[in-house]
Structures are given as C-alpha cells and as structure tokens.
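*Asks:* Following this message is one structure expressed as structure tokens.
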C-alpha cells in the first residue's frame with residue numbers, strides 16, 4: 001500500500017513535457033526530481049546553485065518526512081552533489097521543492113532543462129522526548145567516539 005502525499009504542480013511542463021516524479025522500478029526507494037529551469041545552466045567549479053523542481057509537496061503526516069538525496073551518477077561521474085548534502089522536508093512544509101546543487105569538481109557542469117538531479121525519498125519519523133538524567137547506564141562502548149570501534 002502506498003501512502004498518499006499531496007503534490008502541487010508549480011511548473012506547467014511537469015505532467016506534459018516531463019513526467020511527474022515516480023518510482024522507476026518496483027524496488028526503487030526514491031523518485032527522481034528534475035531541474036525545471038528556463039534555460040540551460042552552467043554550474044562553475046565550486047559553485048552552488050538553487051534549482052527549482054517545479055513541484056511542492058505536503059506530507060501532512062507527522063510520522064513521515066521527505067529527504068532529498070543526490071543521484072549517485074551525478075556525484076561520482078561529475079562531482080555534482082547537494083549543497084546541503086541531504087535536504088530534509090518536514091511534514092508541515094508546503095512550499096516549493098528546491099535542490100541546492102554544488103559542483104565540487106574542477107570543471108564546469110552543464111545542467112539542461114528537465115535533467116534529473118536529485119531523488120525524493122520518504123522516511124518514517126520518530127519524535128523523541130528527552131528524559132533528563134545525571135548519569136547514563138553503562139554500555140560496552142561508553143564514550144568511545146570517532147574511530148573507537150576500529151576499521152577491521
């Protein structure tokens with residue numbers, strides 16, 4: 001069963017020239033988001049640009065959130081990743097989805113109209129309530145931090 005999420009089309013090219021976000025395969029975890037820009041755009045090395053996706057969503061269910069993740073091929077082949085590394089969309093957000101695109105390579109990257117540039121994934125959310133304590137119950141790890149458990 002799929003959870004219904006409200007989607008608003010902000011760019012009329014979505015649904016006509018370019019498809020609505022959808023799962024590519026039965027096993028896909030994310031839906032591709034597209035660059036709904038007006039003209040071809042070049043992102044210079046080291047530059048970050050905010051790219052519209054042409055849609056807005058309203059998750060509504062506080063037990064869910066959406067995350068924006070980079071597409072692996074863009075990062076590996078072209079050095080294009082998300083400027084904020086991961087985008088978190090809270091269940092009560094209703095504004096346009098924008099993708100912060102960072103060119104971490106040393107060559108310019110050309111983004112064409114409608115290019116797929118990020119993935120939208122829905123994840124469960126647990127809202128925690130803190131319980132104040134003076135001490136923690138002991139654990140095997142304790143305060144061991146970065147690199148504490150080794151590499152092998």
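Every residue number used here counts from 1 along the chain in the order it is shown.
The backbone N, Cα and C atoms fix where each Cβ goes, and this holds for glycine too.
The substrate binding site annotation in Swiss-Prot covers 71, 72, 73, 84, 88, 89, 90, 98 and rests on sequence analysis.
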*Asks:* How far apart, in Å, are the two Cα atoms that lie farthest from each other among 71, 72, 73, 84, 88, 89, 90, 98, the residues recorded as binding substrate?
*Replies:* 26
*Asks:* Which secondary structure state does DSSP assign to residue 89 (substrate binding site), in the simple three-class scheme?
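*Replies:* Once the DSSP labels are grouped into three classes, residue 89 (substrate binding site) ends up as strand.
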*Asks:* Counting across all protein chains shown, how many other Cβ atoms sit within 10 Å of the Cβ of residue 98 (substrate binding site)?
*Replies:* 15
*Asks:* Starting from the Cβ of residue 73 (substrate binding site), draw a 10 Å sphere and report how many other Cβ atoms land inside it.
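*Replies:* Neighbour count, Cβ to Cβ under the 10 Å cut-off: 10.
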*Asks:* Using Cβ atoms only, which residues of the same chain lie under 8 Å from residue 84 (substrate binding site) while being at least 6 residues apart in sequence?
*Replies:* 100
*Asks:* So if I draw a 10 Å sphere around the Cβ of residue 88 (substrate binding site), how many other Cβ atoms end up inside it?
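*Replies:* Taking every protein chain into account, the count is 12.
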